[in-house]
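Accompanying notes for the structure given below.
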Amino acid sequence: MNRPSPAGLLVALAFGIVFVVEGRTVLGMLGFELPLSVYFPVAGLLLVAMFVGLLLLPKTNSKQVAGT
Amino acid sequence: MNLFVDRYPEEAWIVRAALASSFLALFLGGIMGLIQGLHRTGFLQIVQDSTYYTVLTLHGVSMVLLFTIYFLVGFFQWAVTDSLDRSAEDIRFTKLWYFLMVAGTVMAAAAILGGFTDATNLEADVLYTFYAPLEAHPIFYIGLVTFVIGTWLAGVDWFRSWWAWKKEHPGERTPLRAFMVMTTMLMWYLATIGVAAAILFFILPWSLGLVDSVNSLLTRTLFWFFGHPVVYFWLMPAYMMWYVILPKLAGGRLFSDPLARIVFVLFLLLSVPTGIHHQYVDPGIAEGFKFVAMTNTMFLLLPSLLTAFTVVASMEHGARQRGGTGRLGWLRSLPWNKPAFTGMALAGLMFAAAGFSGMVNAGMNLNYVIHNTLWVPGHFHLTVGTAVALTFMASTYWFLPQITGNGVFSQRLGLVQVLLWFLGMVFMGNAMHRIGLAGEPRRTAEPFYDGVTFDTALGSISELHFQIALGSVILTVSLLLFMAHLFLSWFDVASNPAPDNGVIPEALSGPENAPIVLENLRLWTAIALVLILLTYALPLASIVSANGFFGSAGTLVGTAYEFAVSPFVGVVA
Amino acid sequence: MEIHRYETIWFAASLLLIVGFIGTITYGAVGVGVEMVDDSGGTVDPDNLGSHERFGDTGVHKVNESHYEVNMIAVHPSFIPSEIEIPAGSTVTFYMTASDVTHGFKLVDSNLNTMIIPGQVSEITAEFDEPGEYGFVCHEYCGSLHHEMAGNLSVVPEDEWGGVDS
Ligand code: HEM
Ligand SMILES: [Cu+2]
Ligand SMILES: [Cu+2]
């Protein structure tokens with residue numbers, strides 16, 4: 001897998017935040033209720049790790065067709 | 001010279017005027033939204049509690065009547081002119097309907113804004129649903145009616161174009177965009193019978209003092225006769241963009257033209273006879289009528305589910321055209337750097353989420369849990385507040401050059417803007433749904449009562465209030481970015497050239513494959529009317545026979561009026 | 001008209017989903033007997049509630065050992081009565097109407113939910129087995145003090161119940 005473009009990174013980050021927010025709802029529905037002070041640091045760290053991971057990927061040499 | 005503005009400068013003027021009105025309303029409504037989001041969560045209360053409802057009226061009316069409908073008329077004018085490739089039959093008539101809408105807006109807005117000061121007797125703190133006997137200044141109702149008449153004439157304008165086109169192209173299929181406009185407008189004519197009757201026959205005469213009272217349940221039922229299909233009036237332009245513009249932006253073309261037509265015909269048929277689903281918990285309406293409305297509502301899911309399929313399929317096709325491969329890998333080949341594309345795709349995603357909460361609303365029994373709680377605004381900020389609003393904003397990044405002749409200011413800024421809207425709505429929408437499940441009511445300045453506590457199954461109410469406030473702020477930032485960007489692009493600050501990409505590609509499976517009967521709009525309208533009669537004749541008759549046309553009391557004038565008008569109303573109803 | 005195979009499958013699945021929904025809800029309504037608010041409460045003249053046999057006499061009324069009735073009027077910005085006490089283990093039927101504008105009633109933490117519309121009577125019945133405190137709120141905007149319109153329902157142990165309002 002290659003590193004997403006800057007736009008791709010932004011989109012990935014947005015989705016990451018969404019997963020963090022909704023993740024708490026879903027976990028709660030499944031019966032795992034974590035205190036705020038535990039959930040958000042952990043989820044936040046995971047998010048940062050994901051983002052750094054994406055940045056560490058090699059840059060693309062993709063031959064994408066230019067957008068219209 | 002492919003740009004719309006070069007080919008049809010006068011029509012482009014109307015489109016620009018309509019869009020400018022639309023975004024002005026969005027801006028105003030957005031500021032009110034921020035005030036609400038901070039006020040009802042207790043974070044910042046810059047207005048009095050009693051003024052909150054003036055703010056909320058302004059928010060509701062600006063957002064769902066002005067922002068959406070002005071955008072619609074602008075977009076439809078473009079769609080008709082461009083797809084039929086002919087000028088308006090008489091541009092003066094086009095201007096007439098636009099200015100009628102503006103006149104109506106000014107009257108209604110004056111009434112609402114009057115609520116902020118004691119200096120005038122103008123006020124309309126009745127929210128956008130104006131349930132009688134809450135009473136607004138008559139100018140509010142007159143303004144609303146004038147606005148709606150403006151939209152009726154707009155429809156007449158487009159039908160004239162279409163009829164003239166058909167004369168010159170006998171036997172040809174109506175171009176897809178024009179077809180979508182015509183079916184949507186037919187639906188609108190049927191839908192607006194409800195509000196028009198409620199206002200003209202009952203509420204306006206009552207607010208002018210001609211009659212003494214109103215039958216609340218009757219005017220309410222007439223409102224929702226209109227109130228459900230109006231949501232499809234907001235949604236149809238968004239659907240149209242998903243069908244005609246999104247596939248192009250994704251790099252491909254629409255999957256199936258005939259299926260798109262079927263979807264719009266289904267909306268024409270089923271949008272109106274569902275309104276009673278907003279009245280599941282109303283007294284005075286028998287359970288059977290509610291059940292019929294629910295069944296129709298569930299079938300109305302069908303065109304939306306079909307749309308979901310087509311949109312995803314068209315996107316995948318586009319991505320593969322752009323070199324995308326793999327089962328899900330093609331997703332990466334979509335033009336995520338284009339705000340027009342990304343915004344619409346996210347809007348579609350949010351709409352899918354909204355579909356789930358919508359199914360809860362639509363279920364007669366589940367509805368009891370969430371009716372009139374904050375869950376409901378949570379739901380429709382995902383539908384009209386995102387699926388529609390974000391699609392409109394996103395499409396503007398593509399659309400604006402067509403009608404101004406200038407390129408947009410910055411695609412990157414646009415991308416940030418649409419992502420922020422998405423994020424803000426995730427925070428606000430999620431929290432509103434959950435807080436609604438805890439029982440907190442909507443339309444409330446201060447949901448902090450003595451002796452009433454709301455408990456959420458998980459987390460805490462204060463955490464959810466914080467999410468609402470945070471979401472409101474993010475949304476407002478997104479909105480301000482949008483307005484700034486709009487301004488910079490409109491006045492061509494960066495002098496970017498307009499990309500020459502106004503042509504909409506034909507669908508993979510073209511219109512010639514569509515059954516010819518789809519073109520017969522008279523037939524579909526007639527069937528829609530029959531369905532409406534079947535669902536509404538009996539409930540309306542029973543409401544009127546139980547409480548009369550005007551509720552209880554009657555003056556001499558009222559009785560005379562009733563006597564003169566009721567036979568006619570009976571026919572209409 | 002050619003329709004893609006996936007499209008046909010999707011179409012069929014969609015229809016199945018829809019029919020499934022309608023089926024479950026029909027079962028809920030007919031089979032299990034979830035009660036809906038409907039027209040069973042009848043109508044009233046909102047301007048003459050004082051002389052109405054039911055609403056002239058608001059408050060809790062005993063029908064028999066296990067069945068009670070509560071007659072309520074909603075008028076901005078309060079419920080009459082707003083403090084209600086009933087014994088545990090009873091079935092309660094609420095009759096509600098409005099004398100001014102449209103209001104709403106939601107008993108928090110339950111699915112008791114109805115609109116209260118001038119001229120109409122909302123009738124809802126519920127069972128309260130265990131003692132407990134419930135808040136209820138007006139959930140439809142009814143005027144500038146709408147956010148103050150709320151009340152309380154106490155379900156008390158049978159032997160502590162203070163009797164009907166006099
Ligand atoms: C800046 C973005 C926005 C914010 C912060 C916002 C916030 C809110 C809040 C907090 C409420 C609930 C008020 C209450 O029930 O007490 C509300 C209601 C509402 N919003 Fe928004 N909103 C935004 C954008 C939109 C958009 C784009 C639309 C539609 C196109 C919309 C349509 C509505 C409607 C129809 C209501 C219900 C009004 C009523 O109950 O009478 N909002 N909004
Ligand atoms: Cu609806
Ligand atoms: Cu109220």
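Backbone N, Cα and C atoms are what each Cβ position is placed from, and that goes for glycine too.
Record features (TrEMBL):
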DOMAIN    B:19-531  domain 'Cytochrome oxidase subunit I profile'
TRANSMEM  B:12-35  transmembrane segment
TRANSMEM  B:96-116  transmembrane segment
TRANSMEM  B:136-159  transmembrane segment
TRANSMEM  B:179-203  transmembrane segment
TRANSMEM  B:223-246  transmembrane segment
TRANSMEM  B:258-278  transmembrane segment
TRANSMEM  B:298-319  transmembrane segment
TRANSMEM  B:340-360  transmembrane segment
TRANSMEM  B:380-400  transmembrane segment
TRANSMEM  B:412-432  transmembrane segment
TRANSMEM  B:523-543  transmembrane segment
TRANSMEM  B:549-572  transmembrane segment
Open item on the list: Which residues of the chain, 6 or more past the ends of the transmembrane segment (B:258-278), have a CB below 8 A from one of its CBs?
Closed with: 176, 179-180, 183-184, 186-187, 190-191, 194, 221, 224-229, 232, 236, 239, 243, 285, 289-290, 292-294, 296-297, 299-300, 302-303, 306-307, 310, 361-362, 364, 367, 507, 509, 511, 513-515, 518, 524-525, 527-528, 531-532, 534-536, 539
Task: Close approaches to the transmembrane segment (B:380-400) from elsewhere in its chain (Cβ under 8 angstroms; 6 or more beyond its ends) - done: 19, 22, 26, 63-64, 67-68, 71, 75, 78, 231, 234-235, 237-238, 241-242, 245, 249, 338-344, 346-348, 350-351, 353-354, 357-358, 406, 408, 411, 414, 417-418, 421-422, 425, 428-429, 432, 482, 486, 489-490, 501
Task: Close approaches to the transmembrane segment (B:523-543) from elsewhere in its chain (Cβ under 8 angstroms; 6 or more beyond its ends) - done: 183, 186-187, 190, 215, 217-218, 221, 225, 265, 268-270, 272-274, 276, 284-286, 289, 292-293, 296, 517, 573
Task: Dominant neighbour of the transmembrane segment (B:223-246) in B:96-116, B:179-203, B:340-360, by Cβ pairs under 8 Å - done: B:179-203
Task: Cβ contacts under 8 Å made by the transmembrane segment (B:340-360) with residues that lie 6+ beyond its boundaries - done: 238, 241-242, 245-246, 249-250, 301, 304, 308, 311, 315, 334, 366-367, 369-370, 375, 378-380, 382-383, 386-388, 390-391, 393-398, 414-415, 418-419, 421-422, 425, 429, 433
Task: Chain residues in Cβ proximity to the transmembrane segment (B:96-116) (below 8 Å; excluding those fewer than six residues from its ends, i.e. six or more beyond) - done: 14, 17-18, 21, 51, 54, 57-58, 61, 66, 69-70, 73, 122-125, 136-137, 139-140, 142-151, 153-154, 156-157
Open item on the list: Give the mean pLDDT for the domain 'Cytochrome oxidase subunit I profile' (B:19-531) on the 0 to 100 scale.
Closed with: 92
TODO: Would you kindly list the residues that approach the transmembrane segment (B:179-203) from elsewhere in its chain, counting only those six or more residues past its ends and only Cβ-Cβ distances under 8 Å?
DONE: 76, 79-80, 130, 132, 141, 144-145, 148, 151-152, 154-155, 158-159, 162, 211, 214-215, 218-219, 222-227, 229-230, 232-233, 236-237, 239-240, 243, 260-261, 264-265, 267-268, 271-272, 275, 519, 521, 524-525, 528-529, 532, 549-550, 565, 569, 572-573
